[in-house]
């Protein structure tokens, strides 16, 4: 905490402050920043490098490639993804690719569905006044938001039974429905803020121009809300991609997603570190890239609504 | 839904005017009646088929889902026919409402029913009604109470995450170089899947024999760095991993709050001669209180769902010390296939969560009002 307080001082605007003290403040700030950078990056670095290590390098805790140990495609070979195995046939790779495809299809499908349902509801809630029985707008919004507190365990077992009856067990569609449900409140929250920020005069101008309610929404308002939609979409994507609990319970062979595959490897195979590391790296890589390149959308998605 | 909307779209060029003609209203009502009748008919056929009363029926319940979908579409179209412009407006909300009812409300109600059953999925007997039997079993289940106790620890630990996140947010809002780089790096852990993290950190970094963290701990003088052997250490390790994943979320929201804070307030404190520590406690912290409470409540909601890291790293061990309610129920299902009992536990947990959050929301409202 002592570090963070020194961060608060607008140092530059204080020419009277002693030079040494200012320097010390700067050093402490950067030390803290670098320390946390290390904490954030080391596990990722460790995982990526371990996927290139052999057993000896793992047990002797070698850390730096080419200095400590000779990197080798070991972990990636066991997944069938190293250069020499890439063009051969590999059952490990086939399995990995099918899990990867499942993850992509379920997370993108659920995010899209949630975005469509959520944007519509959010626009309605931000523009019109509803009255369903005793429920007004705020109650309806609360009804949607309250889904957020529902822990997955409450739904998991009923869904297991229901999906069995509906023949949706172990299907991607079944997972998509559940994931949509778990991100829908967040999408509604983000999008309602987004629509609230668009002046209602635009809708009115559209009505004057002869557009209907839906015409105004689709042609005028929706294009303006695209940044918010991107944010909501990426955030849902992150949540769906990483979801494990439902996938573990409701999928067995066909629709298994990547996290389930990662988890099942940790359980059964003992310590096959290089292949685990390669698998983990492959599982986190897409989102690490998303994080690096689309960071500002994630931040803007997270910060809407939290400000009040 | 989109389709039906674009059709009606052309019918109404002048919104909020004309009253809908009686004929159209009648047509709308007829559609609802017809669709409802069709849905109930399909339902009835399938129920009779399942109970064995009739031979005709479907092999699974999927047609019911389709019938529900058709009914929902018909209902939406009818709304537009009956209520005109107001129906079009309702059309925005209806898809989400129907979806939520089908996927949340119905399963939850169904769950309450399952909770009263003694139902072992792997046994051939099928469900047996046991009323409050599951609840009685729950009161004698020390593992469940233990898991609830652990949840208290995990929930309180959110305060620690919050303190660290606040520190990081202050660091990021200071005048630093390469701010964007640090922001991206600090955000990264949030993007990682907890399952991957439980291998990356829990199973390899913290590994007893040659994980780097254990090596470091030995070097620092801890002779026996077993992170998951003693109950408290295991709990702390799990908490540390969860914190690693979730601190970025808190940090980003606090950072946004800090950046929205007017500069003048800080400078006024400066003029009044406040030092860094004072201006934090008397200016920054109170201003940030509403944002803080929002983010804390969201974080607690997510914390109460904590399961995947526990399942994958310790599976609740040693002796249930790291169990969360979710991971425990997961094991109840995995080991005993007991759907009825697991659901009963989950329902009780839901009630507890609702009670806790109601209290928290009340308290937070009072707090923010006192400050404001």
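Any Cβ shown, glycine's included, is placed from N, Cα and C.
Automatic prediction, not curation, is the source of TrEMBL annotations.
From a predicted model like this one, the values you see are computed outputs, not experimental measurements.
Between the listed ranges B:30-49, B:130-149, TrEMBL ties the annotation transmembrane segment to B:30-49.
Checked against TrEMBL, the range among B:207-230, B:279-302 recorded as transmembrane segment is B:279-302. B:236-258 is the stretch from B:151-172, B:236-258, B:339-361 with the greatest number of Cβ pairs below 8 Å to the transmembrane segment (B:184-202). Within the same chain, the transmembrane segment (B:151-172) stays apart from the transmembrane segment (B:30-49): fewer than three Cβ pairs sit under 8 Å, each pair at least 6 residues apart. Sequence-distant contacts of the transmembrane segment (B:30-49) (same chain, six or more residues past either end, CB-CB distance under 8 Å): 55-58, 61, 63-64, 67-68, 70-71, 74-75, 77-78, 81.
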